[in-house]
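Peer 1: Attaching a single structure in C-alpha cells format; questions to follow.
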Amino acid sequence: MYFLTPILVAILCILVVWIFKNADRSMEKKKGEARTRAEARPWVDEDLKDSSDLHQAEEDADEWQESEENVEHIPFSHTHYPEKEMVKRSREFYELLNKRRSVRFISNEQVPMEVIDNVIRTAGTAPSGAHTEPWTFVVVKDPDVKHKIRKIIEGEEEINYMKRMGHRWVTDLKKLRTNWIKEYLDTAPILILIFKQVHGFVANGKKKVHYYNEISVSIACGILLAALQNAGLVTVTTTPLNCGPRLRVLLGRPAHEKLLMLLPVGYPSKEAMVPDLKRKPLDQIMVMV
C-alpha cells in the first residue's frame with residue numbers, strides 16, 4: 001500500500017496544476033472578451049471615468065497643470081438704469097422668456113448661420129469655475145449626420161421607454177404626448193449638441209482642472225435658450241439617455257468631452273402644437289428672507 005503513495009501524490013499534483021491552468025485560461029478568455037468589447041466600443045471605458053472630483057488633480061499631480069497665470073484687472077464699466085427703466089426692461093425680458101415653449105414640431109426652413117454664431121457667442125459669456133469655459137458647442141447641419149444622430153437616439157429611447165425609465169416616468173410623459181420618435185432631429189435645420197469638458201489640456205500636454213464643469217455648462221445652456229428665444233427661434237431640450245458616448249464618437253469629439261444636452265433649432269412648423277401648461281406663480285418659486 002505504501003509504494004502507491006508517491007503515485008497518488010503525483011496524481012494530486014498534476015490535478016492541482018491542471019485546475020490552475022484551466023482557471024488561468026478562463027481568466028485570459030474573459031480578459032480577451034473584455035478587450036474585444038472595449039475595442040468594439042472604444043468610448044465606454046473612457047466615458048465611465050467622467051468625474052468632476054475636485055481632488056483628482058491632487059492625486060495625480062504629475063498629470064495636472066497648476067495655474068500660474070496672472071490675470072490683469074481693469075476698471076468695470078456699468079450702465080445704471082433709472083428705476084422705471086429697470087422695471088420696464090425686466091418686465092419686457094420676462095414677457096419674452098415667458099413665451100418660450102418646448103417645440104417638437106420644427107420646420108425645415110433654413111436659419112441664418114450668423115444668428116447661430118451670435119447665440120452661441122452669447123452662451124459663451126456664461127460664468128464658469130475659475131473661468132475655464134468648459135464647453136463645446138457642436139453645430140450639425142449635414143442631413144446625413146442628423147439622420148445618424150436620430151437613429152442612435154431613437155434606438156436607445158425606445159429601450160428607455162420600454163425598460164429603463166419605469167412606469168411612473170413614462171406615465172408622466174404621456175400627458176405631454178412625447179415618445180421615442182424624434183422626427184425633429186431630421187427636420188430641424190440645425191442641431192446643437194452641447195458637450196461639457198471634464199478637464200482641459202495646456203500647451204505642455206498636462207491636464208487642466210475644470211471646476212464645476214457640469215454646473216458651468218448648464219448655465220451656458222440656459223443662456224443659449226434665452227438667446228434662441230430672443231432671436232425668434234424655437235427648440236426643445238433633449239438629454240439623450242445612454243446615447244452620449246456613441247454621439248461623441250460619431251461627431252469625433254475627444255474622450256474628455258461628455259454630451260450634456262442636444263437642441264434642435266429652427267422655426268416652428270405651421271402645424272406646431274404645444275401643451276397648455278401653466279407656470280408656477282412667483283409666491284411658489286421665491287422665498288423672501
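Each residue, glycine too, has its Cβ placed from N, Cα and C.
Per Swiss-Prot, the features are:
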- ARG100, ARG101, SER102, VAL103, ARG104, SER128, GLY129, THR237, THR238, THR239, ARG279: FMN binding site (BINDING)
- ALA130, GLU157, TYR161, LYS182: 3-iodo-L-tyrosine binding site (BINDING)
- ALA130, GLU157, TYR161, LYS182: 3,5-diiodo-L-tyrosine binding site (BINDING)
- 47-58: compositional bias 'Basic and acidic residues' (COMPBIAS)
- 59-69: compositional bias 'Acidic residues' (COMPBIAS)
- 47-69: region 'Disordered' (REGION)
- 1-21: transmembrane segment (TRANSMEM)
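Walk me through the surroundings of each of these features.
Peer 2: Secondary structure from DSSP puts ARG279 (FMN binding site) in coil.
Around GLU157 (3-iodo-L-tyrosine binding site), a 10 Å sphere centred on its CB holds 23 further CB atoms from the protein chains shown. DSSP classifies GLU157 (3-iodo-L-tyrosine binding site) as helix under the three-state reduction.
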Peer 1: When you rank ALA130, GLU157, LYS182 by Cα distance to ARG104 (FMN binding site), which of the binding-site residues ends up on top as the closest?
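Peer 2: Going through ALA130, GLU157, LYS182 one by one, the Cα closest to that of ARG104 (FMN binding site) is LYS182.
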Peer 1: How many whole Å apart are the CA atoms of LYS182 (3-iodo-L-tyrosine binding site) and THR238 (FMN binding site)?
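Peer 2: Between the Cα atoms of LYS182 (3-iodo-L-tyrosine binding site) and THR238 (FMN binding site), the distance comes to 10 Å.
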Peer 1: Would you mind checking how many other C-beta atoms are within 10 angstroms of the C-beta on ARG100 (FMN binding site)?
Peer 2: 14
Peer 1: Using only the Cα atoms of ARG100, ARG101, SER102, VAL103, ARG104, SER128, GLY129, THR237, THR238, THR239, ARG279, which the record gives as binding FMN, return the largest interatomic distance in Å, rounded to a whole number.
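Peer 2: Pairwise Cα check on ARG100, ARG101, SER102, VAL103, ARG104, SER128, GLY129, THR237, THR238, THR239, ARG279 gives a maximum of 33 Å.
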Peer 1: About how far apart, in whole Å, are the alpha carbons (Cα) of SER102 (FMN binding site) and GLU157 (3-iodo-L-tyrosine binding site)?
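Peer 2: SER102 (FMN binding site) to GLU157 (3-iodo-L-tyrosine binding site), Cα-Cα distance: 18 Å.
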Peer 1: Provide, as an integer number of angstrom, the distance between the C-alpha atoms of ARG279 (FMN binding site) and ALA130 (3-iodo-L-tyrosine binding site).
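Peer 2: Their Cα atoms are separated by 34 Å.
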